[in-house]
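Below you'll find the structure, written out as structure tokens, and then a few comments.
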């Protein structure tokens, strides 16, 4: 372990500390030679990894977001009236989902760390697919509440688990772009949800009077079928991935060792769990998502109701949800690409949040949405176009800045848990009698987005200041995978990424 740095007498590191020594006879030395002589085409290998990894986990997340947000589509297809919902009971069902989600995120990532992605991620998907299907046959409010809670429990491990999973395959500066692409599946889920709900809506009268049950049943069954196949198309880690040659495995090992701790054989310990919990920066990463989760989930859960309240019929409202989500998918990919090329992160989070703020200002200032539905509908484009890219970038903070495998797994789960507390609040804001302006809900979303601008700016300042402090203590080291005395991101040789 590296010796702790004290206030009065900082530990001194020589320039040689930047170049960790490697035993020439070791596997690591061999891998370093591979990396230096380019015996493997790095661009082709990255493309190979992207093709094998991103579509697989992206499909699972698309299904996850679809199964959690299709309740908004089901609501305008007769869910509330059939289950006898009154007042804000529908909102209570939404809240229960996020309570289950928040409680089980950290435990789920601990299970992932102690098992394997190939086992854990498909198993979670099967579980929530079954619960999502059962939502289609609930007969009363109690059944709806129970199913929503356990849907949240089952889905809680996917997103933080995949973010951790990426950290075991990609270098630090490659993760943010992949996380953004992965999160783009959420926007696609919104578009698909609208298309599917529109088509499934025509099944009203088949077995049941209304078509909302078929939305849950058909989409839930599809999730289970895909999840069964996922046991074969989800891979574990580079050391065991069947699609890699031995030379490619060594090359990936060398790449990761030159950049992160992913090649360390780190044992699970509760002390490393506590390291994340005690780190104030991990809480700020959580707050950065917290300020985005409220607008994210209120938008995805209530967009059909918001558009329906503008005077459109249910079927038309389902179709009108598609373009804002398609726009969000495009802005997410565009911002992720430009952010990656310019090596800028914080400024794009702030800029995207401001774009979403403009959208909510348009929604709030339209005093007669039914007479002028176009203005409010245009506002949903600005909101979606800013919320999704800002959220994708905010979610990459711990993946690129937390070192220590267990600490990073816990930090990722903490971020989602803290973040989704905002969603818990958000589910209570769009009350049944507030339409069509939804002043309370839109105002909270706008305020939270402004809060994200503040938190992102604060994180930028804190990480920048800490990097400058460490510059005076020890030179930066990137080849942490070769170090025997690595102490995670608390080591003064580690540098945080906030703009590069």
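Positions of Cβ are set from backbone N, Cα and C atoms, glycine also.
Fair warning: this is a prediction, and the values are worked out from it, not measured in the lab.
Checking TrEMBL for transmembrane segment across the ranges 237-259, 375-397 points to 375-397. In TrEMBL, the transmembrane segment annotation falls on 409-430 of the listed ranges 409-430, 475-496.
The transmembrane segment annotation in TrEMBL falls on one of the ranges 59-78, 119-138, namely 119-138. Contact between the transmembrane segment (119-138) and the transmembrane segment (375-397) is not supported: fewer than 3 Cβ pairs lie under 8 Å, counting only residues 6 or more apart in sequence. Using the rule of three or more Cβ pairs under 8 Å, pairs at least 6 apart in sequence, the transmembrane segment (91-112) is not in contact with the transmembrane segment (179-200). Ranked by number of Cβ pairs under 8 Å to the transmembrane segment (144-167), the listed stretches 212-234, 282-302, 322-339, 375-397, 442-463 are led by 375-397. Here the transmembrane segment (442-463) does not lie next to the transmembrane segment (322-339) in space: the count of CB pairs under 8 Å, restricted to residues six or more apart, is fewer than 3. Between the transmembrane segment (282-302) and the stretches 179-200, 212-234, 322-339, 375-397, Cβ pairs under 8 Å are most numerous for 375-397.
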